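Here is the structure we will look at.
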Number of protein chains: 2
Amino acid sequence: MNLLLKLKDNPLTPPQILAAGFFAIISLGTILLKLPISTNAPLSWLDAAFTATSAVTVTGLIVVDTGTAFTLFGQTVLMILIQIGGLGFLTFAVMSIIFLGKKIRLKNRLLMQEALNQNTMGGIVRLIRVLFYFAISMELIAALILSFRWVPEYGLGFGLFTSLFHAVSAFNNAGFSLWADSLSQYIGDPIVNIVITLLFVSGGIGFTVIYELMARKKFRALTLHTKVMLVGTLIINVVAVVLFFILEVNNPNTLGNLSIGEQLWGSYFQGLTPRTAGFNSLDYSQMNDGTLLFTILLMFIGAGSASTASGIKVTTFIIIVLAVTAYLRGHSEVFAFRSRIETDVILRSLSIIVVGLFFVFFSIFLLTITEDLPTLQVVFEGFSAFGTVGLSTGITDQLSSLGRPIIMLLMFIGRVGPLTIAFSIARKTPPRISYPKGEIFTG
Amino acid sequence: MNLLLKLKDNPLTPPQILAAGFFAIISLGTILLKLPISTNAPLSWLDAAFTATSAVTVTGLIVVDTGTAFTLFGQTVLMILIQIGGLGFLTFAVMSIIFLGKKIRLKNRLLMQEALNQNTMGGIVRLIRVLFYFAISMELIAALILSFRWVPEYGLGFGLFTSLFHAVSAFNNAGFSLWADSLSQYIGDPIVNIVITLLFVSGGIGFTVIYELMARKKFRALTLHTKVMLVGTLIINVVAVVLFFILEVNNPNTLGNLSIGEQLWGSYFQGLTPRTAGFNSLDYSQMNDGTLLFTILLMFIGAGSASTASGIKVTTFIIIVLAVTAYLRGHSEVFAFRSRIETDVILRSLSIIVVGLFFVFFSIFLLTITEDLPTLQVVFEGFSAFGTVGLSTGITDQLSSLGRPIIMLLMFIGRVGPLTIAFSIARKTPPRISYPKGEIFTG
Ligand SMILES: [K+]
Ligand SMILES: [K+]
């Protein structure tokens, strides 16, 4: 923490560089998307900025239809913005260690270095190379497989482009699609379902997890972080898929009138996508309110640290559940997989959730004043933006010119991270002298 | 915590006695309200049970209009149920120290004894006497003042009865009124506004706070608990009043068409009532969605520990805010008023909030399935029940026969306390051997 205080003397902290970088790319993207060559009909500056923000923050909320509003050039710009936003963020943490040296918080650096087991400059450069190879090869292989599905259907030109676009969009958890109804046409298609979910899950689980798995360690030898991510992701996904099926199987506007195969694929896809992928193969405007509430929780949780996904993160959620369970069972320490979770980590998790909820609820509160839309849909939209998920009940293009910047800001905060924003706002004060314990009742 | 484990060998723990007591009184109340002498028209068992639960848990949600559905006998039964529920809960903690001796958790007993400065049996008996004198005299004095307002208007009989009924209902934070529109007729009446709010604030701030204030200590000599309650209550109330005014002043169905005096009194009353009083002088079904969202937060916070109010409590809320603020500022310890707040208290506060939110959201989730009502109104109703507030957008009597028991259970959980319920459900296991620290990323 003392290191963090020293950073105040330096011109830019890593989080500020990250925020400035996002801002610069969004600005450039806005200008490019505003060019007449990018669109089939003139686009307002606000809508260009909204689309660029949505792409760079890998959200996927849209105010114009990606497939019809943009030209091939515009769509290529979008794809590149998504790649820079997703992959750029992923590499940023590792890059900052190289370029900023001691400037990064010692604690985080050690954590990351331990997980990735890289202590030398050369090792870190190799690591970034691995990261890039992994991302690009995942995207290219996936695009190749998808092209077997889409080239016969759409011809060579659009077939190849749409395969690459959706592969890039999926790996970066961006949720942009060239079809107005996202992947709804392919609800029962095994290839599309498996390839797209494999992409967004491996992009979203976190690079340190992937890196450890590539080292083919045994489960017991994995770090606590990787164990929690693997088991947590599995449990949350299974619960989400089963619950989605139960809640929607009798809804004639979603699963109700489909074949059993489509019902199962639909539940599988909609169970996995809220944790920040953002594609959909069913229409969220037709879902039950209970499903929307449950999806809001999933969107808030999000996926893994150091990944192309956002949200508070699976580990943060599980740490709070473990802390509360331990308290209720009368344990004074919190354990997971034979490892102790320190109080500092619990307080950090609590802070992420509280600060995140504050940003989301404050934005939603403002939106209830500026917008004349059903509140549940506004709440859904707010959580979707914060988690950079991109799912919507369809109100995004109805947002007013006041509502759009609020959602843009929320996507930005969600991607940079609520705690990063809060740290840069909070006035650092030197720790006070210690005071005696005070008595206070709660609950 | 070891003490708590030992309790398993004993037949009933204090929380179980509390829950059993509530259950017994609610059952008795149900039978009494079901008697033909209690009602002007036959009442179903479910509605009698709902009304009794609402009265004993001092909530105030109603499925039949109190003023017209019940006879004078029935209304008197309700008033007594409210008094037993509110005052009984208040004295329970102190009583259990006397009757159960060492059985209560040592930590809580010491906390309470320190705050009340009573270490002997005789002292505790005197304390309960003070508590009863305080409650009854507050109610009687208030009833007397209110009767100056209502006897001229309604005559001696009903005038006196309605004054006493509303005084008991207000001190116990029950929110039951003999008028279908609650206190809407008196929106601009200074006497009604001041007397009713003074009653529910002094009933809701917590008896240890009152007791310390009666001892006329200087502010610096007060316990941390009392300081936090006083300052926290003041800040939350001022913010709530100002925000209510801003949000509703242009709403023609609430403040919009009123005189400036009524606008100010209306904002004052509606600013204070969500923190579990439950009376209203404006119609919540006509309010903006932003106001409803803000009111939901206030209802969840509630008022003080060891009081006639529920919710997670002001101290719990403030401890979490302080813990997050301290974390963001890089402090390793949490302070308030020159006192340190221990990690155990922070974990307890976190647990109260998480467990409380779990109960509320699980119930709301079930209600979205069982009920065909607007989700924001269902969410509002759920938080109102959990906080035993009693405010409603008017959907209570539209709840199905599945929805009513869910709300009844939520009122019960809210009053007994989420953590008490969770402790009795949680399987206590002996603390595990300590494990080494594990590395885990969050956010
Ligand atoms: K997304
Ligand atoms: K109440």
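Just so you know, glycine gets a Cβ as well, placed from its N, Cα and C.
Noted in TrEMBL for the protein shown:
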- B:12-33: transmembrane segment (TRANSMEM)
- B:45-64: transmembrane segment (TRANSMEM)
- B:76-100: transmembrane segment (TRANSMEM)
- B:130-151: transmembrane segment (TRANSMEM)
- B:191-214: transmembrane segment (TRANSMEM)
- B:226-247: transmembrane segment (TRANSMEM)
- B:292-324: transmembrane segment (TRANSMEM)
- B:345-369: transmembrane segment (TRANSMEM)
- B:406-426: transmembrane segment (TRANSMEM)
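Within the chain, the transmembrane segment (B:292-324) has long-range Cβ neighbours (under 8 A, six or more residues past its boundaries) at 57-58, 86-87, 89-90, 93, 112, 171-174, 200-201, 203-209, 225, 228-229, 232-233, 236, 240, 243-244, 247, 274-277, 284, 334-336, 341, 345-346, 349-350, 352-353, 356, 360, 376, 379-380, 383-384, 386-389, 391, 393, 414-415, 417-418. With a cut-off of 8 Å on Cβ pairs spaced 6 or more residues apart, the transmembrane segment (B:45-64) and the transmembrane segment (B:226-247) reach fewer than 3 such pairs and are scored as not touching. Long-range neighbours of the transmembrane segment (B:226-247) within the same chain, counting only residues 6 or more positions beyond its ends whose Cβ lies under 8 Å from a Cβ of the stretch, are 115, 201, 205-206, 208-209, 212-213, 219, 255, 263-264, 267-268, 270-272, 274-275, 288, 290-291, 294, 298, 301, 303-304, 314-315, 317-318, 336-337. Listed stretches B:191-214, B:345-369, B:406-426 were compared with the transmembrane segment (B:130-151); the greatest number of C-beta pairs under 8 angstroms is found for B:191-214. Through the fold, the transmembrane segment (B:191-214) approaches residues 86, 90, 112, 115-116, 127, 130-131, 134-135, 138-139, 142, 145-146, 148-149, 166-167, 170-173, 183, 222-223, 225-226, 229-230, 233, 265, 268-269, 272-273, 275-277, 279, 281, 302-309 of its own chain, all at least 6 residues removed from its boundaries and within a Cβ separation under 8 Å.
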